[in-house]
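Marked as substrate binding site by TrEMBL: ARG56, TYR192, LYS198, ARG319. Marked as Mn(2+) binding site by TrEMBL: LYS198, HIS217, ASP254. Summarising the annotation, TrEMBL assigns ATP binding site to LYS198, HIS217, GLY233, LEU234, SER235, GLY236, THR237, GLY238, LYS239, THR240, THR241, GLU282, ARG319, THR444.
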Amino acid sequence: MNSVEIANELKELLKGENVKIQLSVPELVEKATSRNEAVLTVDGAVVAKTGKYTGRSPKDKFIVEEESTKDKIDWGKVNQTISAEVFDNLYVKVVNFLKEKDELYVFKGFAGADKESQLPIQVVNEFAWHNLFCHQLFIRPNEEELASHNAEFTIIAAPTFKADPAVDGTNSEAFIIVSFEKKVILIGGTEYAGEMKKSIFGIMNYLLPEQEILSMHCSANVGEAGDVALFFGLSGTGKTTLSADANRKLIGDDEHGWSDNGVFNIEGGCYAKTINLSAEKEPEIYNAIRFGSVLENVVVDEETRVPDYDDGSLTENTRAAYPIHFIENIVTPSVAGHPKTIVFLTADAFGVLPPISKLTKEQAMYHFLSGFTSKLAGTERGVTEPEPVFSTCFGSPFLPLPATRYAEMLGEKIDEHGAQVFLVNTGWTGGEYGVGNRMKLSYTRTMVRAAIDGKLNDVETIQDPVFGLHMPTNIEGVPSEVLNPRDAWSDKAAYDQKASFLADLFKENFKKFGNVSDEIAKNGAPLV
Ligand SMILES: Nc1ncnc2c1ncn2[C@@H]1O[C@H](COP(=O)(O)OP(=O)(O)OP(=O)(O)O)[C@@H](O)[C@H]1O
Ligand SMILES: O=C([O-])CC(=O)C(=O)O
Ligand SMILES: [Mn+2]
């Protein structure tokens, strides 16, 4: 099928009497609950269970091999290829499947808060609660924008359609397939809502660099003085948590672009982890969970409908989705100037990286390309305890282009705007996972605030002998034995051994970037 035929099929589908376009939040809440897709919590949020798939499913993600994009995409385990034939067959099946549903829900909106590069998108949902999720997570149009809306990309999400890998050519019953030429993202077999938001991020990671705009897996906020901070990090490292700060305006919690105008949010909402959420530690997020918010796999008391955020029995990856204006302190629209401070977040389950260190230019590039963290349980299928991972640019699952493309752009922008980069370990301290503890959130917040406020610009640092990282010796409000990870371990020999083990992992991993500049490879790498 060619693009016109694909578009015509979609037009036919959207003409159906079963199609409900741009329902309001209350309408979608009513639909979701009356159709038994979800229940209400005592706070008025809806909570849905997603069954078998409670996290993203990277092995089921594909990009259609097409003439216009095939030489640009970094094919491999992340960007798995699939043929146009497989896509077309599944597309027809899914469209026919959806035609038979008594109701379908369509959301029209945008990706990208900067009008110059904004992408009009639409989502066709089988589930009302999925449509509510998209309504809250993507950028909502005003009346005028809606009237002239012309979607350039369409997500079709049919969670109860199960593929048969033997017949359909997928990896499993679930599939997330992008066709850049047909401008369709086809999702089936999984109910996890995060796939929808992250597949739009995936295409923006292709489309923005084509316009010389850097796309980033990071959160962002801005102070009263206009000082912008970015927080890069893989899933669960603290982007959402640390960017929600009563003293600073939130720009966004997960996906941003950086153009010559400054930074902008790609989304219109946030997607917070809720495991062990408390009003004391994370008040902004806790208070954002109310009527209009969507909870996934959070256990609620059957009668009282009080959520139990400590209950991880359905998954550790429990989530809350809410529109950005549910956070009190935000910038509207979600755009700001050029970053002054950039934080790389890592949740090191070995407990050997310093809780905060200042990076040289080469170290910044080295750590950006390395993208080290420990994957925490839940966000991806099959991960049940922390697992070291190198995810280039802190977001490799979402990057269709070679990592060096994004890294070069970041390097240029850091130079041009003179941003200072810090590496922050939000993971373990005093021993590895199982022995030590997760870094106290209040300490991390204090360290990050000190960095953003410029208090670490001229502070005394010592260089750690293994990774070569420059660690401040003193930060007000943080015990100094916490600042040097070796001091926090009672067994120094065990620390030394783990640190050199991790340094070796870094060096081994970096070999894959054979062609990056000697300077980065030499001056950014661990010392031993
Ligand atoms: N020291 C710490 N710093 C940051 N977060 C911490 C810390 N200790 C515990 N946490 C917890 O770690 C989790 C961080 O999750 P968060 O939602 O911020 O991840 P994220 O980086 O936004 O991930 P994703 O890209 O998957 O949305 C939260 O549940 C937070 O409470
Ligand atoms: O995509 C998800 O499911 C959640 C998320 O933000 C990430 O994993 O980076
Ligand atoms: Mn994310």
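If you go along the chain as it appears here, the first residue is 1 and each next one adds 1.
Yeah, the Cβs are placed from backbone N, Cα and C, and that goes for glycine too.
Overlay of TrEMBL annotations on the structure.
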residue: ARG56; record: substrate binding site; CB count, 10 Å: 23
residue: TYR192; record: substrate binding site; CB count, 10 Å: 27
residue: LYS198; record: substrate binding site; CB count, 10 Å: 22
residue: HIS217; record: Mn(2+) binding site; CB count, 10 Å: 26
residue: GLY233; record: ATP binding site; CB count, 10 Å: 26
residue: SER235; record: ATP binding site; CB count, 10 Å: 25
residue: THR237; record: ATP binding site; CB count, 10 Å: 26
residue: LYS239; record: ATP binding site; CB count, 10 Å: 30
residue: THR241; record: ATP binding site; CB count, 10 Å: 24
residue: ARG319; record: substrate binding site; CB count, 10 Å: 26
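Among the binding-site residues TYR192, GLY233, THR237, LYS239, THR241, ARG319, no residue has its Cβ under 6 Å from any atom of ligand 2. Among the binding-site residues ARG56, GLY233, LYS239, the ones whose Cα sits within 10 Å of the Cα of HIS217 (Mn(2+) binding site) are GLY233, LYS239, in sequence order. Of the recorded residues, ARG319 (substrate binding site) and SER235 (ATP binding site) place their C-alpha atoms 12 Å from one another. Proximity of ASP254 (Mn(2+) binding site) to non-local residues of its own chain (separation of 6 or more, Cβ distance below 8 Å) is seen for LYS197, PHE201, HIS217, CYS218, SER219, LYS239, THR240, GLU267, CYS270, TYR271, given in sequence order. Checking the binding-site residues (ARG56, TYR192, LYS198) against THR241 (ATP binding site) with a 10 Å Cα-Cα cut-off leaves nothing. With a cut-off of 6 Å between Cβ and the nearest atom of ligand 1, the binding-site residues ARG56, TYR192, ARG319 reduce to an empty set. For ligand 3, no neighbouring binding-site residues occur among ARG56, TYR192, LYS198, ARG319, by Cβ distance under 6 Å. With TYR192 (substrate binding site) as the anchor, the candidate binding-site residues are GLY233, SER235, THR237, and the one with the nearest CA is SER235. Rounded to a whole number, the C-alpha distance linking GLY233 (ATP binding site) with ARG56 (substrate binding site) is 17 angstrom. Cα of SER235 (ATP binding site) to Cα of ARG56 (substrate binding site): a span of 11 Å.
In the three-state DSSP reading, LYS198 (substrate binding site) counts as helix.
LYS198 (substrate binding site) sits 17 Å from THR237 (ATP binding site), taking the CA atoms of both as reference points. THR237 (ATP binding site) sits 16 Å from ARG56 (substrate binding site), taking the CA atoms of both as reference points.
DSSP assigns THR241 (ATP binding site) to a helix. In this record, substrate is bound by ARG56, TYR192, LYS198, ARG319; the longest C-alpha to C-alpha distance in that set is 14 Å.
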